[in-house]
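Enquirer: Pasting the relevant annotations from Swiss-Prot:
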ACT_SITE  H166  active site, proton donor/acceptor
ACT_SITE  K170  active site, proton donor
BINDING   G14, A15, A16, G17, R18, M19, D40, A106, T107, T108, A130, P131, S132, M133  NAD(+) binding site
BINDING   H167, G176, T177  (S)-2,3,4,5-tetrahydrodipicolinate binding site
Amino acid sequence: MADSTGPISLTVHGAAGRMGRRVVALGLADPNFQLVGAIDHAKSDHLGQDSGAVAGEAPSGIEISSHWPVLDDAATNQAVIDFSLPEAIDGCVEHCVKVGSPLVVATTGLSDEQKQNLSEAAASIPVVWAPSMSLAVNLSMKIAEQITAALKDVAGGLDVEILERHHRFKADAPSGTALKFGELIAGQLGESTSHVHGREGHTGARTREEIGYHAIRVGDNPGEHTIVFGMLGEKIELNVAASNRDCYASGALAAAKWLIHQKKGPGLYSMFDVLGMSDN
């Protein structure tokens, strides 16, 4: 891996998207980074346009392109942040493996096959992948695990429901973050846990083994998750909400810094690793 001194040469994959623009904007403002590439799909209306201007900032001198940049200095620190779509991720991973670039994957809605491809890529390069780049969300996931562990055997039983709210443009439901909350909670509840997505009609009484998911798509909500832990006589509601998209962009940049500055070798890492909260 490259030496960890000097600015990180940053390429943003999905640079013309809502999240990619914020990564570009925050990356340009951060002296730890030097933007060297802004990639979008071949049919993007923004090809050839300055990535800084597209992001609403001063011109960066880096045009949005469908072709990956060729770095002049192979020893330069480099990292790729991917905020694209599932159909675009495979080419990004292939490129990073080819050039040996550390990769931060923030795209959600990946198939099982794509997740497996990420795991295989991580044998060659360091990869951070998480369903949410938000520091607050990842901390909340650890809190949700602790609440579940403490209350799973409470008299009368523990009911867990997950509500998530996102903007009308979000394509996948439930969100990857909601599913990760559920995965961690189920890990505490046991193997018999079932996952129920919404309810309609005469469903009968709720079973103690269920985790319920409810997805709301409205307006421009950048993301909100509420985990309800219900017991007989009382409840806990754990709520984490984004005020804007910058929390996701800054989290992705923090992950890229972590990969480079900690000189991480090949492996599949999570935001728990970035935050120093991993159980491994």
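Quick reminder: no glycine exception, Cβ is built from N, Cα and C everywhere.
Quick one: where do these features end up spatially?
Expert: In sequence order, S175, A215, I216, R217, N221, P222, G223, E224 constitute the residues six or more apart from H166 (active site, proton donor/acceptor) in its chain with CB-CB distances below 8 Å.
Using a 10 Å Cβ-Cβ cutoff, K170 (active site, proton donor) registers 17 neighbours.
A130 (NAD(+) binding site) counts 25 other C-beta atoms within 10 Å of its own C-beta, drawing on all protein chains shown.
Counting only same-chain residues six or more apart in sequence, the Cβ atoms lying under 8 angstroms from the Cβ of H167 ((S)-2,3,4,5-tetrahydrodipicolinate binding site) belong to R217, V218, G219, D220, N221, P222.
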Enquirer: How many whole Å apart are the CA atoms of A130 (NAD(+) binding site) and K170 (active site, proton donor)?
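Expert: Cα-Cα distance, A130 (NAD(+) binding site) to K170 (active site, proton donor): 17 Å.
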Enquirer: Quick one: what's DSSP say for H167 ((S)-2,3,4,5-tetrahydrodipicolinate binding site), helix, strand or coil?
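Expert: Going by the DSSP assignment, H167 ((S)-2,3,4,5-tetrahydrodipicolinate binding site) belongs to neither helix nor strand, so it counts as coil.
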Enquirer: Looking only at A16, R18, S132, which of these binding-site residues has the biggest number of Cβ atoms within 10 Å around its Cβ?
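Expert: The largest 10 Å Cβ neighbour count belongs to S132.
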Enquirer: Residues other than H167, G176, T177 within 8 Å, Cβ to Cβ centroid, of the (S)-2,3,4,5-tetrahydrodipicolinate site?
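Expert: Neighbours found: T108, P131, S132, E164, H166, K170, D172, S175, A178, G223.
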